[in-house]
Amino acid sequence: MRSIRKRWTICTISLLLIFYKTKEIARTEEHQETQLIGDGELSLSRSLVNSSDKIIRKAGSSIFQHNVEGWKINSSLVLEIRKNILRFLDAERDVSVVKSSFKPGDVIHYVLDRRRTLNISHDLHSLLPEVSPMKNRRFKTCAVVGNSGILLDSECGKEIDSHNFVIRCNLAPVVEFAADVGTKSDFITMNPSVVQRAFGGFRNESDREKFVHRLSMLNDSVLWIPAFMVKGGEKHVEWVNALILKNKLKVRTAYPSLRLIHAVRGYWLTNKVPIKRPSTGLLMYTLATRFCDEIHLYGFWPFPKDLNGKAVKYHYYDDLKYRYFSNASPHRMPLEFKTLNVLHNRGALKLTTGKCVKQ
């Protein structure tokens with residue numbers, strides 16, 4: 001009996017020690033993670049990261065402090081962020097590989113699947129730019145346009161088009177949504193999966209004609225195709241390349257460098273933003289810091305409802321569903337959004353999530 005009481009006493013003491021030690025570690029981590037990194041760059045606390053859904057439930061609370069009126073650019077912070085990002089990547093160089101990087105027949109490993117390889121085809125090589133499409137380019141104001149349904153009824157079209165340089169994601173349609181999203185497109189990303197999702201995998205001539213028509217609207221804009229990320233989209237990339245060449249489209253193709261995504265992730269991880277893989281929107285913002293003096297973001301809203309509880313579509317142009325908080329997702333969009341919101345509040349960028357003021 002005495003031995004049983006002794007074991008219970010030891011067990012109870014052990015549990016208490018574990019409990020208090022855990023609390024001590026949690027307090028230490030919370031203190032460390034709320035500190036700022038470097039010379040004023042951002043860091044997010046774990047409590048903020050874990051309370052993503054509160055942004056919807058507590059509209060107007062301190063969880064989400066966001067004010068567009070009275071926003072002012074913090075030029076010194078913009079320069080500081082640009083300088084620090086340059087320690088990890090140079091967007092002018094890493095935005096695209098160039099012809100001299102490869103020759104037809106070269107074999108490369110996919111960036112996110114090193115076991116799989118890709119052969120550089122003649123079509124792909126012929127479409128590689130001679131020099132970086134962003135070489136020596138600089139703009140006073142840039143718009144990075146995401147695809148969230150938060151753009152619907154925003155009336156942001158004219159404001160977006162007023163910027164010197166407009167970046168759009170995933171070849172999103174613009175003409176039928178011009179009042180809300182504008183039409184100006186200087187730099188457009190296109191994941192290979194878009195071919196299947198938006199253009200039927202080019203199964204018939206009408207799908208191909210629809211795609212060619214969409215690209216013809218871009219004129220000499222930059223079409224940015226992440227061709228070297230993962231196995232599975234290579235046939236779509238080749239079909240796109242073949243159609244561009246066959247129809248002699250003026251669009252300027254670009255294919256991101258093999259180091260870009262890891263360099264971008266490295267920058268954010270260093271600043272205590274624990275992303276798994278940067279979303280296209282975060283990638284574009286990071287690149288834009290190199291050649292834009294003032295960056296405005298639109299269509300960034302990774303939540304199923306707005307602050308008034310109204311349903312928000314994942315994309316403004318389709319009915320695709322997305323689980324923002326799923327651990328299976330390669331992205332951490334709510335965390336990215338909060339990071340961008342912190343930067344907005346500090347004047348490093350302007351994040352518009354509501355209606356635009358008529359100019």
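Numbers run from 1 along the shown chain.
The backbone N, Cα and C atoms fix where each Cβ goes, glycine too.
Here the structure is a predicted model, which means the values were calculated and not measured.
Pulled from Swiss-Prot, these are the features on record:
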- 1-7: topological domain 'Cytoplasmic' (TOPO_DOM)
- 8-20: transmembrane segment (TRANSMEM)
- 21-359: topological domain 'Lumenal' (TOPO_DOM)
- ASN50: N-linked glycosylation site (CARBOHYD)
- ASN74: N-linked glycosylation site (CARBOHYD)
- ASN119: N-linked glycosylation site (CARBOHYD)
- CYS142-CYS292: disulfide bond (DISULFID)
- ASN147, ASN170, SER279, THR280, GLY281, TRP301: CMP-N-acetyl-beta-neuraminate binding site (BINDING)
- CYS156-CYS356: disulfide bond (DISULFID)
- ASN204: N-linked glycosylation site (CARBOHYD)
- ASN219: N-linked glycosylation site (CARBOHYD)
- HIS331: active site, proton donor/acceptor (ACT_SITE)
Taking the Cβ of ASN204 (N-linked glycosylation site) as the centre, count every other Cβ atom within 10 Å, in any protein chain shown.
10
Students should find that the Cα atoms of CYS156 (disulfide bond) and ASN74 (N-linked glycosylation site) sit apart, in Å rounded to an integer, by 23
Environment of ASN147, ASN170, SER279, THR280, GLY281, TRP301, the listed CMP-N-acetyl-beta-neuraminate site - residues of the same chain whose CB lies within 8 A of the CB centroid
GLY146, SER148, CYS169, GLY299, PHE300, MET333
If you run the three-state DSSP split on CYS142 (disulfide bond), which class comes out?
strand
Could you check the recorded positions ASN119, ASN147, THR280 and say which one's CB has the fewest neighbouring CB atoms inside 10 Å?
ASN119
If you skip the near sequence neighbours and keep only those at least six away, which residues in the chain come within under 8 angstroms of ASN74 (N-linked glycosylation site), Cβ to Cβ?
ARG346, GLY347, ALA348
Between ASN170, ASN219, SER279, which of the recorded positions has its C-beta surrounded by the fewest other C-beta atoms within 10 Å?
ASN219
Of the recorded positions ASN119, ASN204, HIS331, CYS356, which one sits closest to SER279 (CMP-N-acetyl-beta-neuraminate binding site) when you measure Cα to Cα?
HIS331
